[in-house]
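Q: Structure provided below as structure tokens; questions to follow.
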Amino acid sequence: LSFHFNWIGAYDQQVWEKSLEQTDLNGLDSKPRKTGHIKADLIDVDLVRGSTFSKAKPDSPWTALTRKGLVRVLLFPFFFQWWIQVTSKSISSCILVLYFMQVAAVVLYLEVPGACASEVFGPMCLMLLLGTVHCQIVSTESSRWPSGSPAASRTTSPARRRRCQLSWLQACHPSKDRVSAIIWEQGECKKADMSVLEISGIILTRVKLVEQGMGYLVLGGLMTATLALLPFFFHLAQHLDMSSLCSLSLKELGEMAFWQHDGQAYAFYFITTVQRVCLIGLFFFMMCVAERTYKQRLLFAKYFSHLTSARKAKKSEIPHFRLKKVQNIKMWLSLRSFLRRRGPQRSVDVIVSTIFLLALSISFIICAQLLHNHQTFLESLTNWELMVWASSLVLFLLRLATLGSETNCKYSNSSVLLTEQINLYLKMEKKPNKKEELNIVNNVLKLATKLMKELDIPFRLLGLTVNPLIYNLTRVVILSAVSAVVSDLHAIWQIN
């Protein structure tokens, strides 16, 4: 394609174009060369954007990783050694047991009359989903060799790796630069020269000391129990007469919940229940990991916003410095980018993307089911499960959206820079002899404010919403489906 493009374009070239191209090509090879160095005292636009502190990237496109994940779950026994490498032997053995239980559940489903399809295909789809997500998380360029594998230990030792480092820093990052910061020791105010890495280390320590709430972990446990026991409650409600509820014993209630009373049926119920508890619990645990990561990001942003406030810095027990020098502004921007890139990034984004796409798919199926037959919608166990899934996923998505928006607001808050500009004018009034120097700092603060507004993007829940076409298409499809459901139900209500 490149050859044909150049061949066709050659007919449009004039003599002067050909001569210039030939001169450029020959001139580069004949130029003398000498050793050069990158200016460490200057900043790149990547520093403000955050891409200076790069993270691990996938080694293949997401389509290839999805296909790889599906194959390695469907043929789990043949890839057992790979699963041991990316997890552990005990976890892989547990998943192998669940895999054979899934095979047994499919066989028993064909033998047990009246069994619901969602009881066997729900765990199957969930296992495929979890396997695909895990494959996307571990398939990064930096995880080509697991840390405990012999190949990793042969290539680089831990000490050498440290020296190299869901030295490089010293050479490429502004970590040599230091700022005169105020710290509090036993209530006394003291000064110390600190680097980006040292300040971020103190903030990381403070974040780790914050007690994380257990609310969403408890919510995940409740949702797991609800979805695992939902088939029994559904069958019980189908055969239960409310007028005779008080006269029934526990044995009779159990017989109603198990509408088949043979060995195969009991084995089927046991296998599917164990699978649902393990796989649904694992999925909700994964969502709780994403929620906790978002909460840690918010804490990083919170402590970062306290750096330039003496009262808040003292209360949070972190260093404090003012943006009264150009060097301090550079350090502030470096620290801002460094903290934004701390912690897991791509793995959590994969989890959040999965939650969003799963919620989107379930919402679409619910709308389609309501449009198809709204009168018997609640008579299906699958529809009840879909409603519980949709409600729980929406709760987690709202939580993640709230945490992400708050984090973005704290990092993009320009009131800090505006306050520092006021402080500079106050210093100009007190020290007229330093007016020219302070004016330069003031101009840099204005430029930093404009640069942050230009480069910062609004919070997005996942990379899918960055594409306006896909985002608008998704919004139109969901709104159209919901509108059709509401219109249909309203028309039926008017007829009745």
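Yeah, the Cβs are placed from backbone N, Cα and C, and that goes for glycine too.
Predicted automatically and left uncurated, TrEMBL annotations should be read as such.
Here's the feature list from TrEMBL:
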DOMAIN    6-142  domain 'PHTF1/2 N-terminal'
TRANSMEM  214-234  transmembrane segment
TRANSMEM  266-290  transmembrane segment
TRANSMEM  350-371  transmembrane segment
TRANSMEM  386-404  transmembrane segment
Q: Should anything in the same chain at least six residues away from the transmembrane segment (266-290) have a Cβ under 8 Å from its Cβ atoms, list it; otherwise answer none.
A: 94, 98, 101-102, 104-105, 108-109, 112, 115, 119-120, 122-123, 126-127, 129-130, 133, 166, 216-217, 220-221, 223-225, 227-229, 231-232, 258, 348, 351-352, 355, 392, 396, 400
Q: I need to check the long-range neighbours of the transmembrane segment (214-234): which residues 6 or more away from its ends have a CB within less than 8 Å of a CB in the stretch?
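A: Residues 116, 119, 257-258, 269, 272-273, 276-277, 280-281, 284-285, 287-288, 291, 381, 384-385, 388-389, 392, 395-396, 399 contact the transmembrane segment (214-234) from elsewhere in the chain.
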Q: What average pLDDT does the predicted model assign to the domain 'PHTF1/2 N-terminal' (6-142)?
A: 80
